[in-house]
Amino acid sequence: MNGTEGPNFYVPFSNVTGVVRSPFEQPQYYLAEPWQFSMLAAYMFLLIVLGFPINFLTLYVTVQHKKLRTPLNYILLNLAVADLFMVFGGFTTTLYTSLHGYFVFGPTGCNLEGFFATLGGEIALWSLVVLAIERYVVVCKPMSNFRFGENHAIMGVVFTWIMALACAAPPLVGWSRYIPEGMQCSCGIDYYTLKPEVNNESFVIYMFVVHFTIPMIVIFFCYGQLVFTVKEAAAQQQESATTQKAEKEVTRMVIIMVIFFLICWLPYASVAFYIFTHQGSNFGPIFMTLPAFFAKSSSIYNPVIYIMLNKQFRNCMLTTLCCGKNPLGDDDASATASKTETSQVAPA
């Protein structure tokens, strides 16, 4: 084995020279230079400074403007709530531990940080699944004239939390475990060992199949069908130009969210899968640190995409920030094509 395994940690560094210490007790400066830990802390500070205001603003603007409280926006707000969980439950902890060079909060703190990071990522993934299904059902109409209403949105939000908890909670109760990863300043699922005492192998397989592969299959199926249907509807001119434009804009926004999710999380998932399938292989702490910390940037991109691509929300946000007056002078009529409401695009 090219790493050192302890009772509640795995350090990707051989202890032949006897320098390895528990990441809960002493700085891990034998893994990387102190300035590299400082860079991680600076990065986490940046994510907190950007992530909290933009996600809080998303929630606040929606509460302030009744016109934004549409069923589809419930799912988008769910993403903002998940991102805030990551900011407060994960990023603040990782900032502090990076400044100290090791996970100063011990195994209990590691469990909490790993839980919130996993929970936030899984809520985001399952929210994208719900959005994909909503777009598919509304645009492709496999169930005739289905209308995505408030009750459906609430059920979708509840579903995302149930599925996210089904992934994030088991390591807290004995099925797998959370341990420090990479440079040992943040925690995640144990992909490094089989750890039969906590049935780690079965959990990792369960996680990759149920909480990554299946959601990706559903998302790609829905959008594959959706793109075909929208093209057919446009070719046959079955709906007005305004309706088609509205549907294209909403669909484009959600697809971009999926693309950015993959950009942020696919490197982490790929590295984790490689480590799990190559037990004991030689890899450095940076190998897992970079994708793990890059994945944390997902807390920023969803609200940014929403603000940039949804004109109605952007106008409401500017009105809120400018004390009731939109400096651009855009009214609601100009934002009609960007409203995230139910679709009227007919099937092909």
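Including glycine, each Cβ sits where the backbone N, Cα and C put it.
The phosphoserine entry in Swiss-Prot, when matched to the candidates SER144, SER281, SER334, corresponds to SER334.
For the residues SER240, SER338, Swiss-Prot attaches the annotation phosphoserine to SER338, which does not rule out the feature elsewhere. Within the set CYS167, CYS185, CYS187, CYS222, Swiss-Prot assigns CYS187 as the partner of CYS110, by disulphide bond. Within the list SER298, SER343, the entry that Swiss-Prot describes as phosphoserine is SER343.
The record in Swiss-Prot shows matching topological domain names for PRO7 and HIS100, meaning one and the same side of the membrane. Closest in space to LYS296 (N6-(retinylidene)lysine), of the recorded positions given as CYS110, GLU201, GLN279, is CYS110, taking the CA atom of each residue. Of all the recorded positions given, namely CYS110, CYS322, the one with the smallest number of surrounding CB atoms inside 10 A is CYS322. Remote same-chain residues near the transmembrane segment (37-61) are listed as 29, 68, 76-77, 80-81, 83-84, 86-88, 91-92, 94-95, 98-99, 101, 183, 185, 289, 293, 296-297, 299-300, 303-304, 306-307, 313, 316-317, 320 (criterion: CB distance under 8 Å, separation of at least six residues from the stretch ends). Counted with DSSP, the topological domain 'Cytoplasmic' (62-73) comes out as 9 helix, 0 strand, 3 coil. Taking the Cβ of GLU201 (Zn(2+) binding site) as reference, residues of its chain lying under 8 Å away and at least six apart in sequence are, in sequence order, LEU194, LYS195.
In terms of DSSP helix, strand and coil, the topological domain 'Cytoplasmic' (134-152) has 10 helix, 0 strand, 9 coil.
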